[in-house]
Amino acid sequence: MLQPLLFAFLFFAFVAARQARLAAAGHAPHHYMNRFKIAKRQSGDANTPLMLTNWCPDSVWPAIDSQGGTGPSNTGFELASGDNQTEYVSSDWQGRVWGRTNCTFSGHGGGSACTTGDCGGLEACQGPGAPPATLAEFTLNGGQQQTFYDLSLVDGYNLPMAIVMLPNSNTDLTTLDPSTTNPSCVASAGNLAPPTFNPYTNSQQFLGTDSNSPLPFDTKITAATISQWCPWDLQVTPPSKPANGAYPYPDTKIPRPAFDPCYSACAKYNTDAYCCTGTADERGKCSPNYYSKAAKQVCPDAYSYAYDDQDSTFVQPTGGGFQMIFCPGGRSTDIIGRKGVGVIEHT
Ligand SMILES: *[C@@H]1O[C@H](CO)[C@@H](O)[C@H](O)[C@H]1NC(C)=O
Ligand SMILES: *[C@@H]1O[C@H](CO)[C@@H](O)[C@H](O)[C@H]1NC(C)=O
């Protein structure tokens, strides 16, 4: 009798201590991005690097939207396959980064210029993009000298993406184990390596890690399941059955395209229950929906719905920069699942 009780007590104490730490850091139990109010500025010390790297076989058009601090000089541009480009933001910057696909800016007639992630048809974005898009979100200084960041599928998924923390010679950060700071989300068939994936043979590095600090990768997703994860009704372009033209619902036998962007249930239906808004805007009143459950399976370290913050927000001392890699390859990381939720809080 004693043991389960003791365990329950320890677990409760752990959760309570964690809540207290998060609250002390100004980290209310909700998507942290909504809780920090950081004023936007036009100019400031923009010396924190955001490196955008494209390992996709096609061009990606990265976009950067600022909610606070000083944004980069270039908020959207073409990044050819294999290229990288570094933009600089202020050390208190808050915002998001995503990749746009299939863009044509000249002569698109004023509507959308990109298939996914479009921002009003502009090349240099002046606001957030259209869902679905995989996001990297940052609050570089959320108070008490702490940086908060995450990968988010809350607005849907378009491209595989990884975040590699750049310590910037900051000793608070160079000492962190990189296998706990660099999450990756790979949910596209063409970009997924087999479950036995090991990038560390021959002393190679991968996403800022090596065999001394190997990233824990998901081992359950297969090539067959990855192409089916997006719920049928949330696909941007669901394939139609050859010959009869009607949408079968759902039909697992119909092959899907390799590039299969996926709306979140919130982005597609915009209901309080799916978006955790209105009467569902409270912890315990908003549960993971069919989309967020599927998203969490393919990308365990990413936000899947608005109250997923306990499992998805990386916290560390300020001073770091970040590299965003589109189509990192390999497999999704499962840092939190395999190492415990505490490892992503470097406080
Ligand atoms: C970025 O691109 C430049 C040239 O395009 C290359 O020399 C450099 O190694 C690249 N850096 C990274 C981190 O990929
Ligand atoms: C759209 O972009 C995706 C991802 O970059 C790519 O796989 C696909 O081939 C592109 N489609 C077209 C029609 O260019």
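The backbone N, Cα and C atoms fix where each Cβ goes, and this holds for glycine too.
Marked as signal peptide by TrEMBL: 1-17.
If you look up TrEMBL, you'll see CYS56-CYS327 (among others) marked as disulfide bond. Under DSSP, CYS56 (disulfide bond) is assigned to coil, being neither helix nor strand in the three-state scheme. In this view, CYS56 (disulfide bond) is surrounded by 24 other Cβ atoms within 10 Å of its Cβ, with every protein chain counted.
Within 10 Å of the C-beta atom of CYS103 (disulfide bond) sit 21 other C-beta atoms, taking all shown protein chains into account. Annotated disulfide bond per TrEMBL: CYS103-CYS114 (among others), in sequence order.
Per TrEMBL, disulfide bond is recorded for CYS119-CYS125 (among others). Sequence-distant neighbours of CYS119 (disulfide bond) (same chain, 6+ apart, CB under 8 A from its CB) are ALA63, ASP65, GLY76, ARG100, CYS125, GLN126, GLY127, PRO128, GLY129, ALA130.
Annotation source TrEMBL lists disulfide bond at CYS230-CYS262 (among others). CYS262 (disulfide bond) falls within a strand when secondary structure is assigned with DSSP.
Annotated disulfide bond per TrEMBL: CYS266-CYS275 (among others), in sequence order. Every protein chain shown contributes to the tally, and the Cβ of CYS266 (disulfide bond) ends up with 23 other Cβ atoms within 10 Å.
What TrEMBL records for CYS276-CYS286 (among others) is disulfide bond. Counted within 10 Å of its Cβ, the other Cβ atoms near CYS286 (disulfide bond) come to 22, all protein chains included.
Checking the disulfide-bonded residues CYS56, CYS125, CYS266, CYS286, CYS327 against ligand 2 with a 6 Å cutoff on the Cβ atom leaves CYS56, in sequence order. Cβ contacts within 10 Å of CYS125 (disulfide bond), excluding its own Cβ and spanning all protein chains shown: 24.
DSSP assigns CYS327 (disulfide bond) to coil, not to a helix or a strand.
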